[in-house]
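S.K.: For reference, TrEMBL lists these features for the protein:
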| type | residues | note |
| --- | --- | --- |
| BINDING | Ala242, Gly295, His340, Asp412 | (6S)-NADPHX binding site |
| BINDING | Lys382, Gly383, Pro384, Ala385, Thr386, Gly411 | AMP binding site |
| DOMAIN | 10-200 | domain 'YjeF N-terminal' |
| DOMAIN | 207-470 | domain 'YjeF C-terminal' |
Amino acid sequence: MLRAFTGSQVRDAERPLLERGMGRDLMARAAHGLYRSLVAELRRTRGGLYGARVTAVVGKGNNGGDALFALAELAGRGVRTTAILASGSAHTEGLAAFLAAGGRVERTLGRADIVVDAVLGTGASGDYRAPFPRPEGIVVACDLPSGVDADSGTASPEVWRADVTVTFGALKSGLLAGRGRALAGRVEVIDIGIGEYLPQPDVYVLEAEDVRGVLPEPRDDWQKYTRGVLGVIAGSDQYPGAAVLTTSAALATGVGMVRHIAPESVRRAVLAAHPEVVASGSPEGRVQAWAVGPGIGDDAGQQSAFDVALDSGLPIVVDASGLNRIPGPPLDGRAVLTPHAGELARVLSRLGLDVERPEVEERPIRWARLAAERLGATVLLKGPATVCAAPDGTVCVQAVSHPYLATAGSGDTLTGIVGALLATTSYARPVHVAAAAAMVHGRAGRIAAEGGPFGAGELSAAVRQAVAAFQGGVPEAPLGAAVDLPFAGR
Ligand SMILES: NC(=O)C1=CN([C@@H]2O[C@H](COP(=O)(O)OP(=O)(O)OC[C@H]3O[C@@H](n4cnc5c(N)ncnc54)[C@H](OP(=O)(O)O)[C@@H]3O)[C@@H](O)[C@H]2O)[C@@H](O)CC1
Ligand SMILES: Nc1ncnc2c1ncn2[C@@H]1O[C@H](COP(=O)(O)OP(=O)(O)O)[C@@H](O)[C@H]1O
């Protein structure tokens, strides 16, 4: 499991070392890490350092200082380095080292193989105005893309999108969620020796081996009931397809049995696709968990089936119109709610919190955590990154996904995956089950996308492949983009 921290947590962890006069050492480690990443990027993109040009746009704080020291090292290797001082001044020692190594200060941006964005790091506050529009070509952000908030991932409109973000000390939460995730590009973490001072993480990221730990191991002594039975309350005359998608995904994830509850026409559709499903018009027979909500609309029979499931005391995942029916808080910790941002905004409004969809999209960690705490349920907030929050404040962010997953019915598939894992996993915490399900869903989306755009109906086949890949120990980059996390943040 990776660990991510807020900007202030990282700054607090640096403090004891700064008090011992180690500020220069920390900056030297950060700068050297940035230098190495720049060398690697130059080698990757132009085959070597010979004739290369690197420009840093630097602010007056330590973030600019990191970049100036890094470019001084690059200049020592023969790279032509220039710096643009965005605020007219710069870190004194960094600038001196840069100039001594042969770096030049310019006013305008000339041709460069890489532009380093080092105007602002964790010391940013308020709105950010970029000194000029994002240059064409490769941008490497120093610690954070300037203007991204290290805690929330909110970003000023002018922030440059980075191809690579080289971040120091630990992974920052703001690089995982909100606009910060998309603006950061590939994230590299540089160890600067503050690990022992870091507190409890703000956010966790499940890795492939963690997902494997949540997936049940096939066992010789399984029989269909002990393996786990999932009850699915999905579909209505208006939305029969949602039931097919949810049950397909549950079967593809792996369960002992699916019991499906729906009106007759919906049951027929499900049985045509999956004859192995045990279908009935009302909740009957034992299950280990419930998946409720996809496509139930305002069907009265499905709504009362929902109430039976909720009263059962069993683990339950609630999606779509089921979210409109959850009772007031607190739920008892066994429920996983799977809203998208618009649905979460509505849930929060019912709790008396006046928030609109864009605000939830901008600060997904904050709102998912708050909703989970207030509701006493695990909240899985869907979006390009999936934020899973537990009532005790634990948050996991999973960024393995594909934009083709933004398609009708893709959420129904996710509900089936969550349900199957709740039914078959007895030890994992709901927040880890939810995050593992998001990883399976995201990886399935990537597998399906290899063949081009797809509809949700094609996703279940890829869910099977994703489960098999996790079970087989095939790695998956946890942060979504190709990721290199050499030392810290683990
Ligand atoms: N601490 C350490 O030991 C280590 C820290 N490290 C590095 O230091 C970075 C943090 O450095 P930092 O604290 O100097 O802050 P930084 O991000 O450079 O910017 C602050 C400056 O920007 C200004 N400013 C603020 N907001 C602004 C805005 N919206 N628009 C415009 N200007 C704005 C603000 O000026 P003020 O407004 O306060 O006058 C202030 O001068 C961190 O990200 C990492 O890279 C590493 O070397 C490892 C060791
Ligand atoms: N831009 C995107 N990139 C990656 N995944 C996305 C994106 N947009 C949505 N998703 C994922 O697709 C699914 C959509 O779910 P949802 O909105 O409930 O769809 P539906 O209700 O039609 O089934 C969620 O798992 C979400 O995380």
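Glycine is treated like the rest: Cβ placed from N, Cα and C.
Unlike curated entries, TrEMBL annotations are predicted automatically.
Buried or exposed, and what's around them? Tell me for each listed feature.
M.R.: Within 10 Å of the C-beta of Gly295 ((6S)-NADPHX binding site) there are 29 other C-beta atoms, taking all protein chains into account. The DSSP secondary structure for Gly295 ((6S)-NADPHX binding site) is coil.
Listed in sequence order, His340, Ala341, Glu361, Pro364 are the same-chain residues at least 6 apart in sequence whose CB falls under 8 Å from the CB of Gly383 (AMP binding site).
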S.K.: Which chain neighbours of the (6S)-NADPHX site, leaving out Ala242, Gly295, His340, Asp412, have a Cβ atom within 8 Å of the mean position of the site's Cβ atoms?
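M.R.: Surrounding the site, in chain order, are Ala234, Tyr239, Leu245, Thr246, Gly293, Pro294, Asp319, Ala320, Ala408, Gly409, Gly411, Thr415.
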S.K.: Find the shortest Cα-Cα separation between Ala385 (AMP binding site) and the binding-site residues Ala242, Gly295, Asp412, and name the residue that gives it.
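M.R.: For Ala385 (AMP binding site), the spatially nearest of the binding-site residues is Asp412.
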S.K.: Please list, in sequence order, every residue of the chain apart from Lys382, Gly383, Pro384, Ala385, Thr386, Gly411 whose Cβ lies within 8 Å of the Cβ centroid of the AMP site.
M.R.: His340, Leu381, Val387, Ser401, Ala438
S.K.: Filter the candidate list Ala242, Lys382, Pro384, Gly411, Asp412 of binding-site residues, keeping only entries whose CB is under 6 Å from an atom of ligand 2.
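M.R.: List returned for ligand 2: Lys382, Pro384, Gly411, Asp412.
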S.K.: If we check Cα distances from Lys382 (AMP binding site), which of the binding-site residues Ala242, Gly295, Asp412 wins as closest?
M.R.: Asp412
S.K.: Measure between the Cα atoms of every pair in Ala242, Gly295, His340, Asp412, the residues the record assigns to (6S)-NADPHX, and report the largest value in Å, rounded to a whole number.
M.R.: 16
S.K.: If we check Cα distances from Ala242 ((6S)-NADPHX binding site), which of the binding-site residues Pro384, Thr386, Gly411 wins as closest?
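M.R.: For Ala242 ((6S)-NADPHX binding site), the closest Cα among Pro384, Thr386, Gly411 is found at Gly411.
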